[in-house]
Amino acid sequence: PSPSPGCPTEWDGLSCWPALPLGQSRGVACPEILSVFKPKGLIQRNCTESGWSPPSPPYHSACQLETLGSSNDTEAKARHFVTMKVLYTCGYSTSLAALLLAIGIFCCFRKLHCTRNSIHIHFFTSFILRGTAVFIKDRVLFSDESIDHCTMSTVTCKAAIAFFQYSVLANFYWLLVEGLYLQTLLLLTFTCDRSYTWGYILMGWGVPMVTVGVWVLTRLRYDNHGCWDDYSSVYWWVIKAPILLAIFVNFLIFLNVTRMLAQKIRCPDLSRTHKQQYMRLTKSTLLLIPLFGVHYVVFALFPEHVGVDARLYFELVLGSYQGFLVALLYCFLNGEVQAEIRRNWGTWQRSMESNVFNLATQDFTA
């Protein structure tokens with residue numbers, strides 16, 4: 001049969017225009033990357049006998065890019081995207097370097113080998129995976145400007161999105177493990193059974209693996225189109241619901257730990273040393289739980305198209321420095337780590353001085 005008259009699906013380099021029958025029109029909002037600094041406008045195109053009509057109003061006008069001419073729509077997109085990409089690339093690169101250094105410190109010093117720091121290492125690793133997943137996703141989805149994002153549906157791009165979702169889930173669940181471990185320490189008075197460690201590992205890595213597996217099977221069965229990077233799909237809740245659950249449980253832990261800490265600090269029988277130990281142990285996690293969860297809960301209560309500007313800044317720019325903040329709180333500002341580094345530095349200096357003295361003595365007696 002002859003094809004029905006109308007306009008086919010088209011990618012114009014900025015937006016995807018779904019197929020439309022002849023004589024009808026369709027409007028789309030300004031691309032998110034063009035509306036980061038400006039209010040979002042609406043562009044309309046008509047399906048005529050000669051094909052799609054030009055965008056009306058033009059992108060530069062609808063998206064309020066006054067500084068650029070109408071012939072520079074692609075340049076406008078590139079400039080805004082490059083600005084955002086440079087910001088979060090610097091953030092993730094800084095975080096990756098800090099996290100790798102922190103893991104090296106925890107692994108190199110034997111005195112720092114304990115259950116608490118082992119959980120920190122897993123938490124750091126989840127941030128490393130998240131940063132790596134962002135770079136992989138950018139490489140697969142945005143490395144080639146000629147890619148038609150309307151029809152792109154390759155195994156590679158789907159795998160990149162699935163890996164990204166797994167790393168995000170693992171990130172939130174290892175934050176939950178940090179909260180659970182802190183609560184366990186306070187309940188058991190700093191005596192924690194090592195048998196809990198495997199349970200923490202199964203929660204931190206296993207739950208995200210099962211969740212992403214269910215999401216992948218669901219998308220393959222019921223919604224296998226595009227690159228699975230559309231957050232408007234109802235199946236996105238397979239990922240969002242476990243994240244919201246982890247944040248909600250962490251918030252309850254935050255309240256409970258705060259209550260227990262206040263009780264223990266007011267206890268007259270508690271020594272000053274124990275009070276300082278409680279404070280040192282809890283301050284990092286109590287800071288991280290609300291920092292990581294509040295904005296996500298706020299955005300989750302609204303549709304995905306609401307608060308796009310703020311969402312982009314939090315998730316891409318500010319969120320990219322979270323790994324650096326974690327390494328700073330749990331490692332670089334950790335008094336125990338600093339003391340161990342100073343002790344080993346002093347030992348190394350004394351060893352070097354001793355070697356120099358022995359060499360000098362040998363030369364003198366030779």
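The count begins at 1 with the first shown residue.
Glycine too: its Cβ is placed from the backbone N, Cα and C atoms.
Positions annotated as domain 'G-protein coupled receptors family 2 profile 1' by TrEMBL: 1-67. Taking the domain 'G-protein coupled receptors family 2 profile 1' (1-67) as a whole, pLDDT averages 70 in the prediction.
Per TrEMBL, the feature domain 'G-protein coupled receptors family 2 profile 2' maps to 84-334.
Look at TrEMBL and you will find 86-107 (among others) tagged as transmembrane segment.
Taken from TrEMBL, the feature transmembrane segment applies to 119-136 (among others).
The annotation transmembrane segment is assigned in TrEMBL to 172-190 (among others).
With a threshold of 8 Å between CB atoms, the same-chain residues lying at least 6 positions outside the transmembrane segment (197-217) that come near it are 115, 118-119, 122-123, 126, 162, 165-166, 169-170, 173-174, 176-177, 180-181, 235, 238-239, 242. TrEMBL lists 197-217 (among others) with the feature transmembrane segment.
Residues annotated as transmembrane segment in TrEMBL: 237-257 (among others).
Here TrEMBL flags 278-301 (among others) as transmembrane segment.
Annotation source TrEMBL lists transmembrane segment at 313-333 (among others).
Tertiary proximity for the transmembrane segment (86-107) is limited to same-chain residues at least six positions away from its ends with a CB under 8 Å from its CB atoms, namely 113, 117, 120-121, 124-125, 127-128, 131-132, 134-135, 316-324, 326-328, 330-332, 337, 341.
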